[in-house]
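First the structure, in the form of structure tokens, and then the observations on it.
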Amino acid sequence: MLRLEKRPIPSRFWLYATPVVAVLLTMIAGGLLFALLGKNPATVIKTIFWDPLFGEFAWYLRGQLLVKAGPLILIAIGLSLGFRAGIWNIGAEGQYIMGAICGAGVGLALYPTESRLIFPVMILAGALGGWAWAMIPAILKTRFNTNEILVSLMLVYVAETILAKASTGFLRNPEGAGFPGSRSFSGSSFPAASNPELIAGSGLHWGGVFALLMGVAAYILLQRHILGFQIKLAGQAPRAARFHGVKPERLVLLCMGLSGALAGLAGMFEVTGPAGKISIDFNVGYGFTAIIVAFLGRLNPLGIVLAGFIMALTYVGGEMAATNLGLPSAAIQVFQGMLLFFLLGVDVLTNFRIRTTLLGVK
Amino acid sequence: MTRETLLKIDGISKSYPGVKANEDVSFSIGVGEVHALLGENGAGKSTLVKMIYGLVKPDEGTLTFRGKPFAPSEPSEARAAGVAMVFQHFSLFEALNVAENVALGMENPPPMRELAARIRAVSEEYGLPLDPARMVGDLSAGERQRVEIIRCLLQDPKLLIMDEPTSVLTPQEVEILFKTLRQLSSEGTAILYISHKLEEIRTLCDGATILRRGKVVGSCVPRETTAREMAELMVGATLTPPERRAGAKGEVVLGVTDLSAASPIPFGTTLKGISFTVARGEVLGIAGVAGNGQDELLLALSGELRVASDKIRINGRAAGDLGPGERRRAGLVAAPEDRYGHAAAPDMSLVENALLTGAIRRNLTHRGFIDWAATRGFAEEVIQTYDVRTPGSHVAARALSGGNLQKFLIGRELDQSPEVIVINQPTWGVDAAAAAAIRQAILNRAAEGAGVVVISQDLDELLEIADMFAVLNEGRLTKPRPVEGLTIDQIGLMMGGAHGMEVAHHVEA
């Protein structure tokens, strides 16, 4: 018989081994899935994990990695702070959309003014938009004790509706011949509001810079600052946190607000950079994938930076597999979902060990 | 009086993590004897009877029942051997009638009509009026107890265990119950009667065994012993408090005035009009049975439960509306009862747990940034000073034994040069040596000029370390009185109806 036994101290080995084992298990189970779809598993796995880095088109795809990893990392960093404190913001996708709409909206309102101040103001507006959207579940939770998981998730669909309205209505390009979508933020059409690639071919734009900076800042916050200590304490032992002097309501507002602001920033950088404009299908699920990234990175900022790149790999490589090998994109999403599944499953080993007991013997 | 021995208990011991519930308990009960098992809450009475009834297995020792070795592994085995038990809390279905409830407790219930007839017969025989067709939901507490008793009597037991049976009864019902029990006794059924109501035991029981902290501390014939003597056995020989320091008291450091607060804990106790003061160098001991507002009082004092600002004064400063951090800054430290999850974060290291309350008074942060070196230093200082047995300060709190963690947690508070110390259950589940060390450390801080509030259910402990004594009872606090010259009778009077020693004052009255 197999039996789970609680470890006296969480295992450091499994803490770090878990993501690796989870990735390997995902490759195996994903390989099975691809085999059932009639593809050669080895080819698919190679296309996803190897080709973007070292394949024929790696010169282009490597840049794409950073483009995808930036928003994932930025959002996941914010989410991880809340997750550490036991506050579950599942609606980063909605905050990402609202950040993009607010950031883009401020820029578009000033079109065609050219000023170096425009972009910073847009950054601020993007952060505020995401923050405000996250404040809705936060305040409902602190005032009426609603469940922030449900409220934040539901608000994603509200945000998507607003996005559709924005791209077909209030933010639509007046010179776009009636097509949905806003004016373009690309360098030539609106330089003051664009978020260009900073080093040609690197894929690095201001969003990536922010993501890496936030990773470092969050690391310092969690390791060295009393606020980071309070966040961890509230998540691990809520009563001890109150005894320490943490006000739970304040922490909810802070963590939801922070994760909302970072998601909003990610949306704003995306709309002005890689996406280039507000469109109906502007959001591609970064807000949800970031949840996986946060856990894959062990809710540790440095781990999240690493996990962001691995997840970006499955995005870029997944697209490759979809176009080159004709794999349905849903299969790639299942593949990404498996990663979280195995991660949480293997994670049990951090706090528990498996004991085998023979029948009749204790 | 010589009786044939029915049940012999020999050297029974039972330990739970961190606490010895029973230690080398031996006594015997004769056929037809009404034997009292006396002791304060937590003395180990319930554990002992659970072993006789097959709910708990002893670690050591043997039971002999009717001359044969007896080791029931489950209650049905004990019942088959002739042991029946009436619990303090009834297990009856309100929506079923009396006969149906009785049938549910039987291995092979007879047809309902036959059973109803037997219930009627037994209830008449023993003077316990009860209609088998009535719904249990309509019955009073006393009548429900009769259902339980009759359920037992139908098994024709040789030994009937009754756990605090009179706590739910009116005086008239007690009379009826006693008559029944005497009748059973005269017919040869032995009764093991658990109580801490001394006067009751004196009128009913033939013999008594007194337990304290899991050990047998004495036995007596209740009819020939005064309630006071039994109370002293129950509470311990240290009823004469140790010599108090004669030192003059300093100014008041903690003042609580008419503190009332609803409990933040579900089904908690509301605090009602609590007032007391503690001076420098003074230890106020607050006694009382668990669940009478101890947790709530600690929350209100630590700052986790906020009240109007003028209700609590620390060093003369209104502090009722301050949170835990601000109260620490004002000079008050607190140690809650629950170590795993309240006083400490179980999964965090001792260093992190040192930061938990030490950050403010030990200056472990600078502009919000944690000085980990200083924090580790503080944790290691506590480990060293209070002899905490641990492989190091990096170990998670939950890896420490209860007593060791408690030493660390008390030390963490005491080493912050506090002016007011509030501790709930300082030595609960802690072995004797560690408990003595903790008490000494508390007294040392008091001698250095701190005002101390100790909330505890251990009377011995309070009488040993407190200068002033008060009792928390249903959220109300009695007026504190000096421990010096306090008699057990007066303590009983203070404890009022909520504690079993209330009868102690009848002796004097």
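From the backbone N, Cα and C atoms, a Cβ is placed for every residue, glycine too.
Sequence-remote contacts of a segment are chain residues at least 6 beyond its ends whose Cβ falls under 8 Å from one of its Cβ atoms, and for the transmembrane segment (A:12-37) they are 44-45, 49, 296-298, 303, 307, 310, 327-328, 331, 334-335, 338-339, 342-343, 345-347, 349-350. The transmembrane segment feature in TrEMBL is assigned to A:12-37 (among others).
As annotated by TrEMBL, transmembrane segment applies to A:57-83 (among others).
Positions annotated as transmembrane segment by TrEMBL: A:95-111 (among others).
A Cβ distance under 8 Å defines the sequence-distant neighbours of the transmembrane segment (A:117-140), meaning residues of its chain 6+ beyond its ends; these are 89, 91, 94-96, 98-107, 110, 146, 148, 151-152, 155, 159, 192-195, 206, 252-253, 256-257, 259-265, 267-269, 272. Residues annotated as transmembrane segment in TrEMBL: A:117-140 (among others).
Among the features that TrEMBL reports, transmembrane segment is placed at A:149-171 (among others).
Sequence-distant contacts of the transmembrane segment (A:204-222) (same chain, at least 6 residues past either end, Cβ-Cβ under 8 Å): 66-67, 69-71, 73-74, 77-78, 80-81, 84, 123, 195-198, 228, 231-232, 262, 265-266, 269-270, 273-274, 300-302, 304-305, 308. Residues annotated as transmembrane segment in TrEMBL: A:204-222 (among others).
Within its own chain, the transmembrane segment (A:251-269) has Cβ neighbours under 8 Å at 70-71, 74-75, 77-79, 81-82, 85, 87, 89, 92-93, 95-104, 122-123, 125-135, 137-139, 141-142, 148, 152, 195, 205-207, 210-211, 214, 227, 230-231, 234, 241, 283, 286-287, 290, counting only residues six or more beyond its boundaries. Residues or ranges marked as transmembrane segment in TrEMBL: A:251-269 (among others).
Annotation comment: TrEMBL describes A:275-295 (among others) as transmembrane segment.
Per TrEMBL, transmembrane segment is recorded for A:302-318 (among others).
The annotation transmembrane segment is assigned in TrEMBL to A:330-352 (among others). Counting only same-chain residues 6+ beyond the ends of the transmembrane segment (A:330-352), those with a CB under 8 A from a CB of the stretch are 4-7, 10-11, 14-15, 18-19, 21-23, 25-26, 29-30, 33-34, 37, 48, 289, 291-292, 295-296, 311, 314, 318-319, 321-322.
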Selection from A:95-111, A:149-171, A:275-295, the stretch that has most Cβ pairs under 8 A to the transmembrane segment (A:302-318): A:275-295
Distant-in-sequence neighbours of the transmembrane segment (A:95-111), which means Cβ under 8 A and at least six residues beyond its ends: 71, 75, 89, 118-119, 121-123, 125-134, 156, 159-160, 162-163, 166, 171, 182-183, 185, 190, 192-193, 259-261, 263-268, 270-272, 275, 277-278, 282-283, 286-287
